């Protein structure tokens, strides 16, 4: 019966992957590989293997890197297992003397028995180490395959295969977006264990990393510090033990890649920390694999045995069990200097360093360590797109890596490339009718697809007229403009080149239609009038003479003659229309009328008696004799059309943007007579800047004007914070440990070394219903129920907002007086003449809120209104926290229940929550408020950022006192001279341009003003600059203009002497711009572009064409002359005109 119990427990090892034989071993690599000596590590859990097949297991490789052959060699192990004593009766009750252990020597290959200097020289010799470890019970073993490779293999290898038994392991090298760090909490973390000594705490971060350690035996030598067990005994303050002679050390790798850390090494903080954790958890801090989170084991009891089997006395001891294996079953004895390797399926060997004898050390140890370090700084992405088929091919790249990329309009497929430190991600956008929006590294990028379509139009037009590519390209640049402006350009060119042919042709078609329309209207009018007369006659007859219906056939008559004919013919059975005989009944007569062909005889006679309507011949003659072929008429219409089309062209080139942003205006700025106080009251989005510029005029003297410039920068949020620590996620484990004799304190259980655990013991069974049949009965034994959290990992940083402040920098230039101040809500900038106040802010943040960041700060975070800080329960937000003061574990509010069945092993049930707070949050992520940030700056106690989404708003009030000293302030000695340095970008409303201006300020020390980018007609962009005496460089970003625009740097109505022409808007690839950079509100009161401005713009465009590609002008003039010749041939002068002449 006991064997049946063991078999049932073995079924708990059913693995989800047992039905497939291809598993994945992932190796995470930074995407920039330097000349360091680091090692990358990856591991994979394999399905269980029957115990009988373990000795034949061999780790094979098809990878292209060099492998160390040392681990593939056969290694002698002592197999130490347990069994029921042979002299035990079949129905005997289990006791401490019921079972015994046995030992034998076996040869195993591929286990993690790593010789000296293998890992130490792996990076230098470019050799990789592969091995596997075993966790076994009495029936099966759980293999774990490890791969440790020089970090340079990240460059040479992408994928390969390993084989162990029937299983195939796909080794996948995956490059992260980290330049050189490890990916933890979505951040790229570089552990620097010495930084805590030399730097203040707010300059570095602390993260929790996994640690994989492998024991390396080193026999010989005189260095007693390598007697590792002595180091453990010192830590637990154990004395009086006979010296354990084993020499060796652990070689540890931190996280996914690091240099090798040697344990023990007292001069290394990391080594000391790992040694301390090994002392606390001698078998490891990773207790279970994921599929075995809820499982049971039965403790058989404590056994001793011999290793090697030839020993005369017992040299090893441990706890025998049946059920799910927990820790490694491979270890090494510490008593002798010669290494003795132990394989103990179904036995947890003694690892308590407080004991003196029969101790072992595991060959592999997995745990966690908290280390200080730096988080790599991220850079913004550059995104560009090219037109491809019906959609667009886009690519995003960043100098330091892309940690987050998404798009609501594109399919981001994560196909990525690395070029040095730069990471590139390619994706496809299926639609180009809308602008492409991409969120990359926390920044919103917008790619204007209108420019892509322009480029495709230019390419198509140039391809069609490929015989003259230069001319075709120049014409395409002018024609391929979207909207009314483009159609106006097309109509202008058609009118100029072919107007003398199109005008008479269209006139002829219009005249023909008018003639047809006139005739149809006349014909319709005649018939309708006749019918109207008939109806009126009928109505009058009915009023005077009575009914117009025949009494015999009941037919309605329209005239008196028709009624008289009915009265004479119908009573005699004769048709009144054709006079043919028929029956004198209503039905017969009505049937005859349907086939009679003369029923309209009386109407026709009446119509003939009326005079026929003749249309007036003058209308036809005027339309027919119109001289649409006259050169005078054609030339007049041609000139009028050109003029009107030029006006439409100029007017359509002006794009009025109703949303906050730049509006194209003419030169100069607005003038306000200061009759009363000037007051502005407005609401400004948090990410927007505001510029207001006017000239304040003295109402009493119009010659006295004071330049006034008001500048408000975007909002900065200042939060005083408290760092609560790192939120952790973990696997919930529920374990049942049962033994049928002794008290519950007789044995130690696995969860008792876990960070967070809860245990309840059901001691001494009082009934037969909860005992397996081989147990001794009631009054003894123990069922220990435990829950613990395993595989803890950091998922995010948590900050609590203690106080909030919203600030904006405000600058005022009034004449020569300049004042700047950073104001916050309910604060003001006050001068003798001006008062600026932030009255309030509409915000979604409140003091007491908790901010959670699941990655870099630039990725944004989540707002929690309720965050647990004390007495947290498992499943609450903030349930598991790693703080500077240590781990904070949650309370488990549930209760245990022991499930019993007669003659079976009892099991534990837990009725509380089994889902961590982090996993609950991910399942309901959309229910939490989120926010984005840009330009973050964080210290120990403060966090500052800018809201890029304009989700917050400030209420601003500005008052300028009318009692200004115009006599003093109107005299402005500041002299501004401008010149153009360079220009980048394209004209038009697509990608825009960047104009670099050189601005010289003289006669005063500083001056706050705005510099515009304008052509001769209007302005397209502005930049506020605080000029200082001497030369200043100002960058002005604008959008608009046309092919003839020469963009100049302008201040008020003064512009640079020369201008520069921007490129055509058809770049091969269009680069996205930052949405936040365009969120500006500019108001200088300059007049809108009027009729004079339109003609000026049109003239500049025509001059631009004339001064550009002269071949284009020549082709247009040639087409014009050709159309004149065709006009002369098709529309010659009239012959009679020639004779009269």
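For all residues, glycine too, the Cβ spot is worked out from N, Cα and C.
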Do the topological domain labels in Swiss-Prot for residue 456 and residue 1057 match, putting them on the same side of the membrane?
yes
Sparsest Cβ environment (other Cβ within 10 Å) among disulfide-bonded residues 740, 1019 belongs to 740
By Cβ count within 10 Å, point out the most packed of the disulfide-bonded residues listed: 756, 785, 872, 1014, 1050.
1014
Cα-Cα, whole number of Å: residue 756 (disulfide bond) versus residue 131 (disulfide bond)?
31
Within a 10 Å radius of its Cβ, which of these disulfide-bonded residues (29, 63, 112, 429, 775) has the fewest neighbouring Cβ atoms?
63
So which disulfide-bonded residues out of 160, 740, 868, 872, 889 end up within 10 angstroms of residue 782 (disulfide bond), measuring C-alpha to C-alpha?
740
Checking the disulfide-bonded residues 131, 429, 785, 872, 908, 1050 against residue 740 (disulfide bond) with a 10 Å Cα-Cα cut-off, in sequence order, leaves none
10 Å Cβ neighbour count around residue 1055 (disulfide bond)?
21
If you draw a 10 Å sphere around the Cβ of residue 154 (disulfide bond), how many other Cβ atoms fall inside it, taking every protein chain shown into account?
23
Give me the CA-CA distance between residue 868 (disulfide bond) and residue 908 (disulfide bond), in Å, as a whole number.
29
Distance between residue 1050 (disulfide bond) and residue 154 (disulfide bond) at the Cα atoms, whole Å?
55
Please compare the disulfide-bonded residues 131, 744, 889 by how many other CB atoms fall within 10 Å of each one's CB, and tell me which has the fewest.
744
